[in-house]
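Some features that Swiss-Prot has for this protein:
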- 1-22: signal peptide (SIGNAL)
- 28-105: domain 'Inhibitor I9' (DOMAIN)
- 110-613: domain 'Peptidase S8' (DOMAIN)
- ASP139: active site, charge relay system (ACT_SITE)
- ASN170: N-linked glycosylation site (CARBOHYD)
- HIS215: active site, charge relay system (ACT_SITE)
- ASN230: N-linked glycosylation site (CARBOHYD)
- ASN388: N-linked glycosylation site (CARBOHYD)
- 390-462: domain 'PA' (DOMAIN)
- SER545: active site, charge relay system (ACT_SITE)
- ASN593: N-linked glycosylation site (CARBOHYD)
- ASN642: N-linked glycosylation site (CARBOHYD)
- ASN671: N-linked glycosylation site (CARBOHYD)
Amino acid sequence: MGSAKILSFTLLLFVGYTLVHGSTPKHYIVYMGDRSHPNSESVVRANHEILASVTGSLNDAKAAAIHHYSRSFQGFSAMITPEQAKKLADHNSVVSVFESKMNKLHTTHSWDFLGLDTVYKNNPSALDSASNVIVGVIDSGVWPESESFNDYGLGPVPEKFKGECVTGDNFTLANCNKKIIGARFYSKGLEAEIGPLENIVDSIFFRSPRDSDGHGTHTASTIAGSIVSNVSLFGMAKGTARGGAPSARLSIYKACWFGFCSDADVFAAMDDAIHDGVDILSLSLGPDPPQPLYFENAISVGAFHAFQKGILVSASAGNSVFPRTACNVAPWIFTVAASTVDREFRSDIYLGNSKVLKGLSLNPIKMEGSYGLIYGSAAAAAGDAALNASFCKEHTLDPTLIKGKIVICTVEKFTDNRREKAIIIKQGGGVGMILIDHNARDVGFQFVIPSTMIGQDAVEELQAYMKTEKNPTATIFPTLTLVGTKPAPESAAFSSVGPNIITPDIIKPDITGPGVNILAAWSPVATEATVEQKSVNYNIISGTSMSCPHISAISAIIKSHHPSWSPAAIMSAIMTSATVMDNTHSLIGRDPNGTQATPFDYGSGHVNPVASLNPGLVYDFSSQDVLNFLCSNGASPAQLKNLTGELTQCQKSPTASYNFNYPSIGVSNLNGSLSVYRTVTYYGQEPTEYFASVERPSGVIVRVTPAKLKFWKAGEKITFRIDFTPFKNSNGNFVFGALTWNNGKQRVRSPIGLNVLST
């Protein structure tokens, strides 16, 4: 579903109102803080009365209202003008008013790569204990008939669960079981903004929790899919599919349609999920950059209330590539970047001179014989520039020149639709595509004709062959799945990057996990992105959408082992046990040229589920710590009172954000010497000593006091100081290092990021 279609319906919906009132209404969320109320009818009445104060009448208020939030926090959403929204923001019971923006979805072997078998081998009870953990998934729904959601061997639904199985199109009570224990759907917000879903042409959808997109099915099965053997995509990545926590339960919240998720619908889903009693909440979605302020963003607000209730919220960092584009960056959200695993999908090219070029693709189609090669630039349509044709854009290629040939195209920019190029070639009579993509080390795509992507080394060989051969030919081979490739992991080229645009002292993203070429369950009616648009039950896709459920699953495993741990403790355990080394014992890289990745790419590093179960030391923080953090970022006492339901005063000297007890250490404006403080809690059993070691950021002297921490029993807390003394400016860039505590058994590592403004 294209954004242009959605935009056209939005314009049609509001044009009449604009003519009458002279001001276009927009969809706003009116957030009123932590005042949940069991009597939803009284809340609705109160919301209508508040809304009527700006609309002029109760009837107009009822017509404008879309969602009412009352289960876990209070508020509503409504179609109102910017002027009316401004008036509501001044109401004494309102924390904030912000426009409901559109979020986007951040679109087997990975668990072996992470060593998850070791977790279950060393902890045989893990599968049983995980069955009491409930993971809420806010996404595009679920395909319940997938074998990944069978409930063989699972016990009764946990008594703590208060959710529902909501029926609808092609979805009955029988579609829920002891694996999918709850399912809801939300579309009011999106329909208020774009009109009825039925108006979206050429799109299959179900007005129910059933997934027509595939994305939600994929993420849910990655988290908690049951073990299913002999799974593949057209023979690729063949093996056993499973979720990271295959005994965990799933509660599905469908808030995304056609790849878009209205803030107001996501907020409603979070309101329900918190009330339903989920333990982990997974969101593979987020806003386009720039990231909205914390309390002008539905995900940040909803996640704060989840954090208060002991629910960890794991969310994808986004696929926006560039610096300062990471989303979902509130410190109470676990922000997940994407990285590769040690598996490649090779679709090589056999040239007419018998040389073989390395290509990457998800290409199951066998090409019979060899075909002529032609550059797209040499096949430009009449009146079109060769440059445009080299990118194989629509209407730029001459069908008479490409018919029966393999066309060599070039990626113009990172955001190019690579699949579309193959469609254009097929429509013109071409039989294959070689796509020059200098980032061709990551994502495997599916195409409608035999196609493969090549990087710089292969490009040079191909160009040399094309220059010397009068009638060049080639064959594109079907994909072979190679396991054990090196180096891995690498930061995914598409993964959004820090620094945190709102609070740069808080390093974001937090962690990275497998997000490239991940095989998981799929909706068989979602055929738009598959080879020749064929129906499949399992699919391979990439994105931070795929890495997020890996972290959600590992969080669920830790929660099952340590039910009393706070969300912050679970985050800390995963972050401080992460690795920054690949399988060649080198630092994790970012691109094919060997550029090293930084904490702005991978946060604290690549997740290590085995080590995260026994972290040794934890950087914990509470809801009160978050409130102190908000004070340092300008929150008023009135906002805090509405937020928490209690009178909360900010300290006269609020704690600086670089002293927030986060597992990473960031200072975005280092002017001369500075002391930063952290407190660790001992999560071991026996007396032990930890010793500090520092990887020093360039141009900065670092001293840790005390440099030795002695613990006698579990639960002990010790505060230490890190003194930074810069002797060289960093010229507007961050310099990185790390602090590690080590007791000979556990290493507790925190990345350091400093922007040195003056010495």
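Cβ atoms are placed via backbone N, Cα and C, with glycine included.
Candidates ASN170, HIS215, ASN230, ASN388, ASN671 (recorded positions) were compared with ASP139 (active site, charge relay system); those inside 10 Å Cα-Cα are HIS215. Among the recorded positions listed (ASN170, HIS215, ASN230, ASN388, ASN671), HIS215 has its Cα nearest to the Cα of SER545 (active site, charge relay system).
For SER545 (active site, charge relay system), the Cβ neighbour count at a 10 Å cut-off comes to 30, with all displayed protein chains included. Mapped onto three states, the DSSP output places ASN230 (N-linked glycosylation site) in strand. For the pair ASN170 (N-linked glycosylation site) and ASN230 (N-linked glycosylation site), the C-alpha distance works out to 28 angstrom. Distance between Cα atoms for ASN671 (N-linked glycosylation site) and ASN230 (N-linked glycosylation site): 59 Å, as a whole number. The Cβ of ASN388 (N-linked glycosylation site) has 18 other Cβ atoms within 10 Å, all protein chains considered. Each of the glycosylation sites ASN230, ASN671 was scored by the number of other CB atoms within 10 A of its CB, and the lowest score belongs to ASN230. If you take the Cα of HIS215 (active site, charge relay system) and the Cα of ASN230 (N-linked glycosylation site), they are about 21 angstrom apart, rounded to a whole number.
The residues of the domain 'Inhibitor I9' (28-105), classed with DSSP into helix (H, G, I), strand (E, B) and coil, number 31 helix, 23 strand, 24 coil. Secondary structure at HIS215 (active site, charge relay system), taken from DSSP and collapsed to helix, strand or coil, is helix.
Taking DSSP states H, G and I as helix and E and B as strand, the domain 'PA' (390-462) has 22 helix, 16 strand, 35 coil. DSSP assigns ASN170 (N-linked glycosylation site) to coil, not to a helix or a strand. For the domain 'PA' (390-462), the mean pLDDT of the prediction comes to 93.
Of all Cβ atoms in the protein chains displayed, 29 besides its own lie within 10 Å of the Cβ of ASP139 (active site, charge relay system).
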